[in-house]
Amino acid sequence: MNTSINNAMSASVWAMLILLSILWGGSFFFVGVAVSELPPLTIVTFRVGLAAVTLWVIALLIGLKPPKKPSVWLAFLGMGLLNNVIPFTFIVWGQTQIASGLASILNAATPIFAVVVAGTLLPDERVTKLKLVGVAAGFSGVVVMLGVPSLVGGGNLLAQFAIIGAALSYAFAGVYGRRFKAMGVSPIIIAAGQVTASTLVLIPITLYTDGAIDMARISTETWWSMIALAVLSTALAYVVYFKILERAGATNVLLVTLLVPVSAILLGWLFLNESLAPIHFVGMALIALGLSAIDGRLWRRSKIIASE
């Protein structure tokens, strides 16, 4: 099987990337509701657990069956650790020590790590000057959009390294996940296997740190937020994630971390009556410039026109 990917992102891949950013951008709202009543790791475990149930039900309804090979399940475990358990745990702990704005900026370093890790380990995702320029511009846009005040409140150096460690883990997850194309596993089964493995790892950790939770005391609003977080921002989101990874590679799928702050701010403006400041548009413009550089088509066309 040909396992190489096409680095040039088609319109459909860009559409999926935007959809993924909306799904993950919405998770900030759902978590914001749930965290008022539930401990962070309990939210994470419920999120991946319900997502696993949702994905397996969908998979069985459309005729897909769980893989039987132990090697595939071992790969699911590796993906679950790199893409869920390690980064989720690091981010949850890090955000209890530093400001959320700073955590978002540090997490937006994911594409930088992705370019380096994928460029080093994958021959079909080589590092180019345009990619480096694009990622730098996009990261600058995130910093501008979230604001300089977000950079304060970061006195805990270990917590900052935890968020950076999460970003690095996401980068390795993108590279690690490329193996599923050679295995011939569908995106739905990959997503289901990943969150299943994550759930099995997280349950004992959560019971140890958070203890048993009295579910009867949880409000209806929190339940709906948790369901939306699991079904939309996790189950559906990871199907889209693995589809992009299969078609466009690790570097391109992790560009979503530059778009998630944009989606979160726009969703807040649309549904929570939050204000949009001019600095937000400046940041979005920088992110758009960075993404266009990474895509490369507009830049290549301008060179062709200039040479004529």
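Each residue, glycine too, has its Cβ placed from N, Cα and C.
As recorded in TrEMBL:
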{"type": "DOMAIN", "residues": "16-146", "note": "domain 'EamA'"}
{"type": "DOMAIN", "residues": "159-292", "note": "domain 'EamA'"}
{"type": "TRANSMEM", "residues": "12-35", "note": "transmembrane segment"}
{"type": "TRANSMEM", "residues": "41-64", "note": "transmembrane segment"}
{"type": "TRANSMEM", "residues": "71-92", "note": "transmembrane segment"}
{"type": "TRANSMEM", "residues": "98-120", "note": "transmembrane segment"}
{"type": "TRANSMEM", "residues": "132-152", "note": "transmembrane segment"}
{"type": "TRANSMEM", "residues": "158-176", "note": "transmembrane segment"}
{"type": "TRANSMEM", "residues": "188-208", "note": "transmembrane segment"}
{"type": "TRANSMEM", "residues": "223-241", "note": "transmembrane segment"}
{"type": "TRANSMEM", "residues": "253-271", "note": "transmembrane segment"}
{"type": "TRANSMEM", "residues": "277-294", "note": "transmembrane segment"}
Same-chain residues at least 6 beyond the ends of the transmembrane segment (12-35) whose Cβ lies under 8 Å from its Cβ atoms: 43, 221-222, 225-226, 228-229, 232-234, 236-237, 240-241, 243-244, 247-248, 252-253, 255-256, 259-264, 266-268, 271-272, 295
Criterion met for the transmembrane segment (188-208) and the transmembrane segment (71-92) (at least three Cβ pairs under 8 Å): yes
Ranked first among 41-64, 71-92, 158-176, 253-271, 277-294 for CB pairs under 8 angstroms with the transmembrane segment (98-120): 158-176
Model confidence over the domain 'EamA' (16-146) (mean pLDDT, whole number): 87
Composition by DSSP (helix, strand, coil) of residues within the domain 'EamA' (16-146): 105 helix, 0 strand, 26 coil
Segment proximity, the transmembrane segment (277-294) to the transmembrane segment (158-176), 3 or more C-beta pairs under 8 Å: no
Positions whose Cβ lies under 8 angstroms from the transmembrane segment (277-294), at least six residues beyond its ends: 130-131, 133-147, 251-252, 255, 258-259, 261-262, 265
Chain residues outside the transmembrane segment (253-271) and at least six past its termini with a C-beta under 8 angstroms from it: 17-18, 20-22, 24-26, 28-29, 104, 107-108, 110-111, 114, 138-139, 141-142, 145-146, 167, 170-171, 174, 241, 244-245, 280, 283-284, 287, 290-291, 294
